[in-house]
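These notes concern the structure reproduced below.
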Amino acid sequence: MNIFRLAGDLSHLLAIIILLLKIWKTRSCAGISGKSQVLFAIVYLTRYLDLFTTYISLYNSIMKIVFIAASGATLYLMYVKFKATYDHNHDSFRIEFLLIPCVILALIINHDFTVMEILWTFSIYLESVAILPQLFLVSKTGEAESITSHYLFALGSYRALYLLNWIYRYMAESHYDLIAIFAGVVQTILYCDFFYLYITKVLKGKKLQLPA
Amino acid sequence: FGKLRFKDEL
């Protein structure tokens, strides 16, 4: 565990907590893409199946369980408890356009042709693009609440910090994972435009509003 | 693509 990895995990955890608190406190999931949240739930469920097969550490197991539980809670709040506030009309991204290519890519490019390994690979590819419905929703409405922006910033920072972690691990352990690196780079690039707006607008106290 | 993944990562 190095500092980049720990900071990445904490940033990921912070993002999930911010999202849950936002929905809970405002009693509303307006501005949040349910489709991105469904994709994240699929990501956690397919990646963390190894909870049942491999024990790594207490930290590892607890974080996995927290991510799965928080993801389930978010879906419950969005699709059951505060369903009336869910922005159906703007959340119109077709997720099959992400799911199908990720399944195909995971079947072709993977470390090992086994069920667990293909599901892990699929989850890595899917995670890299899972935020697209959310970014699509923001671009459709043309704005995002500050709290939603903080959520997106924390979530985007997490994979960027993992990239630093992988550079560190390559230097310290001469070990690297091309699938994770490739997907992590794609994932981070997708946030770049948002990072720019976050730093130039949200941090200066302005609302994140896209130019018309 | 060999078996190079970090199984300890989240």
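Using N, Cα and C of the backbone, Cβ positions are placed for all residues, glycine too.
Per TrEMBL, the features are as follows:
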TRANSMEM  A:62-80  transmembrane segment
TRANSMEM  A:92-113  transmembrane segment
TRANSMEM  A:119-139  transmembrane segment
TRANSMEM  A:151-172  transmembrane segment
TRANSMEM  A:178-199  transmembrane segment
Under 8 angstroms, Cβ to Cβ: which one of A:119-139, A:151-172, A:178-199 has the largest number of such pairs with the transmembrane segment (A:92-113)? A:119-139
Contact set of the transmembrane segment (A:151-172) with the rest of its chain, CB cutoff 8 A exclusive, min separation 6+ beyond the ends, reads 2, 4-5, 7-9, 11-12, 14-15, 18-19, 22, 127-128, 131, 134, 138, 144, 180-181, 184-185, 187-188, 191, 194-195, 198, 202
